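A.B. asks: Mind looking over this structure? Questions follow.
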Amino acid sequence: MTAAPAAANNAAPAPKTPRRGVLAAYLALTKPRVIELLLVTTVPAMFLAQRGIPSPWLVLVTLAGGAMSAGSANALNCVADSDIDAVMDRTKKRPLVSYEVPRRSALVFGIVLGVVSFAVLALGANLLAAVLSLAAILFYVFVYTLVLKRRTSQNIVWGGAAGCMPVVIGWAAVTGSVEWPALVMFGVVFLWTPPHFWSLAMKYREDYARAGVPMLPVVATPRQVSARILVYSWATVACTLLLVPATSWVYVAFAVLAGAAFLIVAQRLHNSIRRGHAYNPMKLFHLSNSYLALLFVAIAVDSAVGLPSFVA
């Protein structure tokens, strides 16, 4: 971290934005909207592992443990990235930057959340789910946040592995093991992550450049970025079809139709940039959220209705 922002973070000037309540400020540290998307992938993974509807208690425990685990990683990320957040317009209202939560308190909060999440998953689900959850926290904080994010344009590619863990945790909570469908779902989220975040980074390119974060849109041309987005989008859709043997026609129909819409928008973004036309990467960003959510809802619906899978 640079010396100036670090020193500034120890001061306590009056924030320029209205203060939240204490609970709201700590909640904001956990990045609830990010947690929501992570949990959207957890429950369908549990449905597929059960090939039906799993125990409501197990679902509740896994969601609670998963939410606290993700919240822990996000809070610790806010601590490590407070210098970056202070100079980015998109993140300058976060609690540490606006001095609503002391840095030390945020650190303790993140650690406590992680410990509690491990205990909840270990006692309420199983040890494997708890260990995978802890591994995700450590990877996100120490590998992505402290190493990859500030050093390579491939930061989100490899660092995104932490965001793929909820599907594996959900599967492990039900089965006590990790099997090939869980790895396929991991692959889907892994390949989906670059198009999702690179489209956002295209919008906030100047923000990342000002903060010294080498996101791909900062170090590459828009055409190069959109070309890679297109490649990863195709790879994502192809990976979704690897789940066909474990599902029925319900999932396949959703996967094909939603995948086609995802690819069309990614292709349009690339075409607009290649032809020198005006473009809006946020269309792909917002669609990518809906695409992943619908895809995993399809997995849950397919598992709940109980139709025979293509490979029994």
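Each Cβ is built from the backbone N, Cα and C atoms, and glycine gets one as well.
Quick paste of what Swiss-Prot says about this protein:
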type	residues	note
TRANSMEM	21-41	transmembrane segment
TRANSMEM	53-73	transmembrane segment
TRANSMEM	105-125	transmembrane segment
TRANSMEM	127-147	transmembrane segment
TRANSMEM	156-176	transmembrane segment
TRANSMEM	182-202	transmembrane segment
TRANSMEM	225-245	transmembrane segment
TRANSMEM	246-266	transmembrane segment
TRANSMEM	292-312	transmembrane segment
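Quick one: how deep are these features, and who are their neighbours?
C.D. replies: If you look at the transmembrane segment (21-41), the same-chain residues 6 or more away from its ends with a CB under 8 A from one of its CBs are 63, 66-67, 70-72, 74-75, 78, 94-96, 100-101, 106, 109-110, 113, 163, 166-167, 170, 185, 189, 289, 292-293, 296-297.
Panel annotation: around the transmembrane segment (53-73), residues 29-31, 34-35, 38-39, 42-43, 46-47, 110-111, 113-114, 116-118, 120-121, 124-125, 129-130, 133-134, 136-137, 140-141, 162, 166, 169-170, 173-174, 303-304 of the same chain, lying at least six beyond its termini, place a Cβ under 8 Å from a Cβ of the stretch.
For the transmembrane segment (105-125), the list of distant contacts is 26, 29-30, 57-58, 61-62, 64-69, 71-76, 78-79, 95-96, 133-134, 137, 169, 172-173: same-chain residues at least six beyond its ends, Cβ to Cβ under 8 Å.
Beyond the transmembrane segment (182-202), the same-chain residues lying 6 or more positions past its ends with a Cβ under 8 Å from any Cβ of the stretch are 41, 45, 48-49, 156-157, 160-161, 163-165, 167-168, 171-172, 208, 215-218, 222, 225, 228-229, 232-233, 235-236, 239-240, 242-243, 246, 266, 269, 281-282, 284-285, 288-289, 291-292, 295, 299.
Sequence-distant contacts of the transmembrane segment (292-312) (same chain, six or more residues past either end, CB-CB distance under 8 Å): 37, 40-41, 43-45, 47-48, 50-53, 185, 188-189, 192, 196, 240, 243-252, 254-255, 258-259.
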